[in-house]
């Protein structure tokens, strides 16, 4: 079974409180989501493979550790996942960015794919799938399935807030994918929204309804 890591750093929890607040406007919401994503990226990348190289300082030659040959790709689930990309690129500027477009059918609550654009070397990269909310788990599960069909092998999932149901759903479908969240909330309501959650992340990011 995959590992679930709840990243409860004080700065993350502080910013998450304002992300949840319904009175936080789109501008501040976007900035906070980006900041929390950057902070979470530190933990999500903790186990990236490393290798030793030799460099020369102004004093002498020495050996240092750097990221190994495999590189990172960030794959946001559109559209809300876009809000997490810039923050992550602050820490991983060389990462490539793919895009998977899924929307949730309001009646069935199931994800529907409408767009997919990935780096050509996706099979050679460590993949971090990002989406602010892990609610039913359907979108994340479908995105991961799509990535595996394209050859991706090393995949992590990073979300700001999740429901217990969403985590369980992803774990059953993809027991090899580790999940990183800032907070695991209480439950899903009858409309498939996380409680207490933060509302619709995409609408709050982009000022739409």
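Numbers run from 1 along the shown chain.
Note that Cβ sites are derived from N, Cα and C of the backbone, with glycine treated the same way.
According to Swiss-Prot, the feature 5-phospho-alpha-D-ribose 1-diphosphate binding site maps to 79, 104, 131, 132, 133, 134, 135, 136, 137, 138, 139, 200, an assignment based on sequence analysis. Swiss-Prot lists 194, 199, 200, 201 with the feature uracil binding site.
Taking the Cα atom of each, residue 133 (5-phospho-alpha-D-ribose 1-diphosphate binding site) and residue 194 (uracil binding site) are about 8 angstrom apart. Contacts of residue 194 (uracil binding site) defined by a Cβ separation under 8 A and a same-chain sequence distance of 6+ are given as 133, 135, 161, 162, 163, 166, 185, 187, 188, in order along the sequence. In this structure, 200 is the one among the binding-site residues 131, 200 with the smallest number of other Cβ atoms inside 10 Å of its Cβ. In the three-state DSSP scheme, residue 133 (5-phospho-alpha-D-ribose 1-diphosphate binding site) is classed as strand. Recorded residues residue 131 (5-phospho-alpha-D-ribose 1-diphosphate binding site) and residue 200 (uracil binding site) have their alpha carbons 12 Å apart, per Cα-Cα distance. Checking each of the binding-site residues 79, 137, 139 against residue 201 (uracil binding site) by C-alpha distance, the shortest gap belongs to 79. Straight-line distance linking the Cα atoms of residue 139 (5-phospho-alpha-D-ribose 1-diphosphate binding site) and residue 200 (uracil binding site), rounded to a whole number, equals 14 Å.
Sorting the binding-site residues 137, 199 by the number of other Cβ atoms within 10 Å puts 137 first.
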